[in-house]
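> In case it helps, TrEMBL gives these features for our protein:
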- 510-525: compositional bias 'Basic and acidic residues' (COMPBIAS)
- 532-541: compositional bias 'Basic and acidic residues' (COMPBIAS)
- 1-20: region 'Disordered' (REGION)
- 510-541: region 'Disordered' (REGION)
- 57-79: transmembrane segment (TRANSMEM)
- 134-154: transmembrane segment (TRANSMEM)
- 161-180: transmembrane segment (TRANSMEM)
- 186-204: transmembrane segment (TRANSMEM)
- 234-256: transmembrane segment (TRANSMEM)
- 268-296: transmembrane segment (TRANSMEM)
- 317-346: transmembrane segment (TRANSMEM)
- 352-371: transmembrane segment (TRANSMEM)
- 383-403: transmembrane segment (TRANSMEM)
- 415-435: transmembrane segment (TRANSMEM)
- 447-469: transmembrane segment (TRANSMEM)
- 475-493: transmembrane segment (TRANSMEM)
Amino acid sequence: MSSPVPRPLRDNGEDDIANTPDVQNMAMKMERAEKAYMKYEGQQEGKPAGLEVWGWYLYEFCSYFVHSVLIPIVFPLIISQVVSRPPEPEQGWSKNSRGFVCTQKEMKQYQSLTLRSIKISNSTRLSPLEWTSLSWAIGLIVAAPVLGFVSFRLDRGRQQLFIAASSIAVGVVFCLPAGFFKTVWIFLPYIVAIVAAHTIARSCHTRHLGLMVRGFTGPNIPERQFPTRRAISGWFSLYGTVAGCAGSAIIAAFTYHMLRESPDEELLSLWVVSIFSGLMWLVGIFHVVTSAARIFKDDTPSQSRSHALSIFKYPHAIESLAGVFLSSFTTMCIFTGGVLFLVGQLCLKPTFLLYFWFIYFIFPLFSLPLLQPLQHLIKADAVKMQLLGFFISAATTGVGFYYKGSNWKRHSVLFFAAAQGTSTGLLHAFGRVLLLDCSPPGKEGAFSLWFSWMKVLGAFAGFTVASVVPGNIGTSFGTAFFTALLGIVMLIFGNLSDFGGAVAAGHVRSSDDDSEKGSPKHSMDHGGMQVKELEHGELTP
């Protein structure tokens, strides 16, 4: 963009005039005015380089599986290998409670996961699934004060790189010794540390997305340019989710492969999965290196104690967090309840479980990119895309609840796995976009921490509901259907929109401001002469 600021002429005999102190002083003032004008136009922040963008995608690929596979699948399986073996049921190992023929190994694994064999007190016993849920809850409680402490430092100062790298390192360290100590209690600090570390690391990752989008569009754009911001943020978040689904598919397939080992080697095999998961997560630390150029010191005055609570001043952000919780709860409840029902009640073959996981995680690699042109065609914002995700989840749970007593057909299961995988991806990608649209510049870190914590809270709640009633598809799908409907009602009748949130957050200025006020008049006082910023292309002394 050519600058509208007039430059001093320096041709022929005017060189001496241009070198006088007064003219040099005026040139400095005009240069400062030009920088201020560029800030007003959103050009002062550099666009992210390709390496920075790919580094952001890499971390999603290397960490998305933590909350989708590692905690809800791998750790309960490891714990089930540590507890005492379950007694043989009345119907034997060859059949389940519904009379379907099952393999002995499959039934033993299911009974080990769901039997309340962990003694807490004389009257309280928990299953490995419930023990994982308890550890998950404690991890959320531990993370809460840490997030409050970290939020201010994510947006102020130069500690962002250290926070991101250290949280990833802590999570990786606790993945490595998962199968070393053969006692149930040791998994409590393991899961607590991983949940807290992943929550903080994902907050840094989400904040970085907000900064990259701001680098492309600017911090305060005209209303007419908001569709560009919407397209860029949707593109980044959607393809980041695609990368995350690919990483989850790899870990899920590796978990299935290691479960094929003999029963005596299952603990060691699952330990290898945990180690591999930790190493894969560690590769994502490369994102910290590539994001270094986007880390800048913000010296804007702010109260550290109230920084994390500033989100309550933005109603759009609060509503978006409610959507994040409901979507995370719904998708995790459907996934966990569905897997337990397929294994324990329908006795589907282990190879079919692999197909189910593959379809669930791989299909979004194709469906999500295909939905983006549709989004642009119908001009759908993040709220409408989330509505689509909730509608798909409601349809999945509604059909599953209606046919809960039937023997599900294999092709029907795979069809709804593909649909629900797409729904999960949509809700994750556009829930993140909506929250960042509602995050004011300079507070992306605090708002991202809330996003990450609420997402983990929803996943924990959904996992808990499905784990307490394993195999009872009516309860898990019925609850998920209710929360999906609640999300639909909230998005339709709530006062929530990405544009309204962006305006309230200061990302967008209205057309009235552009036409009536022109550029902002930030006065600059230097050397006894006051120079105002440009207005209608003129420099006014």
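Cβ from N, Cα, C; glycine included.
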> Is the transmembrane segment (234-256) close to the transmembrane segment (317-346), in the sense of at least 3 CB pairs under 8 angstroms with a sequence gap of 6 or more?
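Stretch pair does not touch.
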> State the residues, same chain only, that lie 6 or more residues beyond the ends of the transmembrane segment (415-435) and have a CB under 8 A from a CB inside it; answer 'none' if no residue qualifies.
206, 209, 230, 233-234, 237-238, 240-242, 244-245, 317, 320-321, 323-324, 327-328, 330-331, 334-335, 338, 356, 359-364, 367-368, 371, 382-383, 385-386, 388-390, 392-393, 395-396, 399-400, 447-448, 450-451, 455, 496, 498, 501
> Run the contact check on the transmembrane segment (57-79) against the transmembrane segment (186-204): 3 or more C-beta pairs under 8 Å, excluding pairs closer than 6 in sequence.
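Between the transmembrane segment (57-79) and the transmembrane segment (186-204), contact is present.
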> Top stretch among 161-180, 234-256, 383-403 for CB pairs under 8 A with the transmembrane segment (268-296)?
161-180
> Kindly say whether the transmembrane segment (447-469) and the transmembrane segment (186-204) touch, using the definition of 3 or more Cβ pairs under 8 Å where each pair is 6 or more positions apart.
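Result for the transmembrane segment (447-469) with the transmembrane segment (186-204) is yes.
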> Looking only at the recorded stretches 161-180, 234-256, 383-403, which one has the largest tally of CB-CB distances under 8 Å to the transmembrane segment (475-493)?
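Highest pair count goes to 383-403.
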> Under 8 Å between C-beta atoms and at least six residues away from its ends: which parts of the chain pack against the transmembrane segment (161-180)?
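Counting only partners 6 or more residues beyond its ends, the transmembrane segment (161-180) has Cβ contacts under 8 Å with 63, 66, 70, 75, 78, 81, 150, 153-154, 187, 189-190, 193-194, 196-198, 200-201, 204-205, 267-268, 270-271, 274-275, 277-279, 281-282, 284-285, 287-288, 291-292, 295.
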